[in-house]
């Protein structure tokens, strides 16, 4: 018979000696449960049918959740400590090894802040929603709690539950409020993501029950189990498929252009700003941290897949005449740098991968919000039908220009710093042979060159292309309103701030990244050989040298 325990008392001294700092206040549990409870209250809010009261309520809940995460960072998080902080643990179903365990470290805290920040702005972006507003904002708030849980939980079964929790809101947001092909896009999304998540469940059960005795799925316990290399390789392959769908990795990416092609602006912001980052985070947390022996052999494959992402998606973006799909493929290209950074054995490269996730979350959210704002005015997404609207929408053109420059990694913007860190970190990573490093950085540079070409040509076609007489006479072509300027302004502040002073962000996860890389380098030095199963070509094999430290 299953047992239910109310609490499992902490031993602070034992926790600290194990690299865990208990929470003095349940900040993370509050940040997860507050938006979920708020979403359950939405149906009971009196409403006239226009959704005004619901909008303000949802904004208040989302903003409060953001302030809770900020308070957690300021009051309970120490960036200089590499272990788990803000830790909370409650025994739930001990016979199944299921524990309510949450906490934060350098891998998760920045993404928790990003999630609550982007969600708050997405709620503000959803202000024009008048069709079933209660259901819409209920799903938005439920998704907020689920996404924070993905980054905060410290139990692999809880991670799986949180991973699944955010799938249903996205499916409904696509299927109900999407475009003409919304049913197809939503069905494809749920089939890809729910189907691939089966690998997470299988890996969690295998890792938790391995070794016999009472199962335990807590990250700290799993990381110390010392799985065999063959077992790690099997789990790594399954998790790579599951997380590769969400990142996404080519060829597991085809759901993303369809989803973005049919989504509304607020859903765009959540997809690009948060959902894709879940895949990158999970690769770091599980594949690189818990399965270091397998990671040492799979890392070159991640690097190659990253280059494929960068070049393939950039070239495909050229061919897109649909504005949403063009930006969607641009997102896939930029996430390729995350794969290269995770596959590197240098603290600088891996830190660049983390910064690239944060940077792309901000930049991707801004671009997709502008796509939605532009569509509300032009009622078309086809670049061939746009053009000649720059004079009528000068502020909108300025916002598009700044955000596009951020996306193409202009110096002074966050994207430049993150991509430079990945390039430099991999180029100086002596864990790989010189030939391999030159080839990878050279191919990745091709993607960097392609990005400004398709982004700047896109701007020209939207605002300064051949004038569409019917579109130019459209009375809906009003310039950006204050709400839209405010949303983009809120996103540009951290984009420019990080670009000018990257340590604003990198200091928050520096020690955690260094600890992760040290663990992977130790595993590489132990088991990597020029004839490793996945890399029989000696030019691709790790050179067994010490990776450089993050300066």
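Using N, Cα and C of the backbone, Cβ positions are placed for all residues, glycine too.
Counting same-chain residues at least six beyond the ends of the transmembrane segment (25-45), those with a Cβ under 8 angstroms from any Cβ of the stretch are 53-54, 57-58, 61-62, 64-65, 68-69, 71-72, 75-76, 86, 88, 100, 102-104, 112, 116, 119, 134, 137-142, 144-146, 148-149, 152. Residues or ranges marked as transmembrane segment by Swiss-Prot on the basis of sequence analysis: 25-45 (among others).
Residues or ranges marked as transmembrane segment by Swiss-Prot on the basis of sequence analysis: 56-76 (among others). Residues 21, 23-25, 27-28, 30-31, 34-35, 38-39, 41-42, 45, 85-86, 104, 109, 112-113, 115-117, 119-120, 122-124, 126, 137, 140-141, 144-145, 148, 508 of the same chain, all 6+ positions outside the transmembrane segment (56-76), place their C-beta atoms under 8 angstroms from a C-beta of that stretch.
Beyond the transmembrane segment (111-131), the same-chain residues lying 6 or more positions past its ends with a Cβ under 8 Å from any Cβ of the stretch are 28, 31, 35, 50-51, 55, 58-59, 62-63, 65-66, 68-70, 72-73, 104, 137, 140, 143-144, 147-148, 151-152, 176-177, 264-267, 269-270, 273-274, 277, 281, 357-358, 361-362, 365, 369, 372, 376, 483, 486-487, 490-491. Among the features that Swiss-Prot reports, transmembrane segment is placed at 111-131 (among others).
Under the heading transmembrane segment, Swiss-Prot lists 133-153 (among others), citing sequence analysis as support.
The transmembrane segment annotation in Swiss-Prot covers 157-177 (among others). Residues of the same chain lying 6 or more positions beyond the ends of the transmembrane segment (157-177) and with a Cβ under 8 Å from any Cβ of it are 96-101, 129, 131-132, 135-136, 139-140, 142-143, 145-147, 149-150, 183, 185-187, 189-190, 193-194, 197, 200-201, 204, 208, 217, 259, 262-264, 267, 270-271, 275, 278, 282.
Residues or ranges marked as transmembrane segment by Swiss-Prot on the basis of sequence analysis: 189-209 (among others).
Residues or ranges marked as transmembrane segment by Swiss-Prot on the basis of sequence analysis: 233-253 (among others).
Sequence annotations record features per position, and here Swiss-Prot assigns transmembrane segment to 264-284 (among others) based on sequence analysis.
Non-local neighbours of the transmembrane segment (298-318) in the same chain are 233, 236-237, 240, 244, 249-250, 253, 283, 287, 326, 329-345, 426, 432, 436, 440, 443-444, 446-447, 450-451, 453-454, 520, 524, 534-535, 540-542; each lies 6+ residues outside the stretch with a CB under 8 Å from one of its CB atoms. Among the features that Swiss-Prot reports, transmembrane segment is placed at 298-318 (among others), with the record citing sequence analysis.
Within the chain, the transmembrane segment (335-355) has long-range Cβ neighbours (under 8 A, six or more residues past its boundaries) at 107, 110, 247-249, 276, 280, 283-284, 287-288, 299-303, 305-310, 313, 414, 417-426, 428-429, 431-432, 440, 444, 447, 498, 502, 505-506, 509-510, 513-514, 516-517, 520-521, 524, 542, 547-551. If you look up Swiss-Prot, you'll see 335-355 (among others) marked as transmembrane segment, on the strength of sequence analysis.
The transmembrane segment annotation in Swiss-Prot covers 397-417 (among others) and rests on sequence analysis. Counting same-chain residues at least six beyond the ends of the transmembrane segment (397-417), those with a Cβ under 8 angstroms from any Cβ of the stretch are 330, 334, 355-356, 358-360, 362-364, 366-367, 370, 374, 390, 448, 451-452, 455-456, 458-459, 462-463, 480, 484-485, 488, 491-492, 494-496, 498-500, 502, 505.
Sequence-distant contacts of the transmembrane segment (485-505) (same chain, six or more residues past either end, CB-CB distance under 8 Å): 110, 121, 124-125, 355, 358-359, 362-363, 365-366, 369-370, 395, 399, 402-403, 406, 411-417, 421. Look at Swiss-Prot and you will find 485-505 (among others) tagged as transmembrane segment, backed by sequence analysis.
Between the transmembrane segment (133-153) and the stretches 189-209, 233-253, 264-284, it is 264-284 that has the most C-beta pairs under 8 angstroms.
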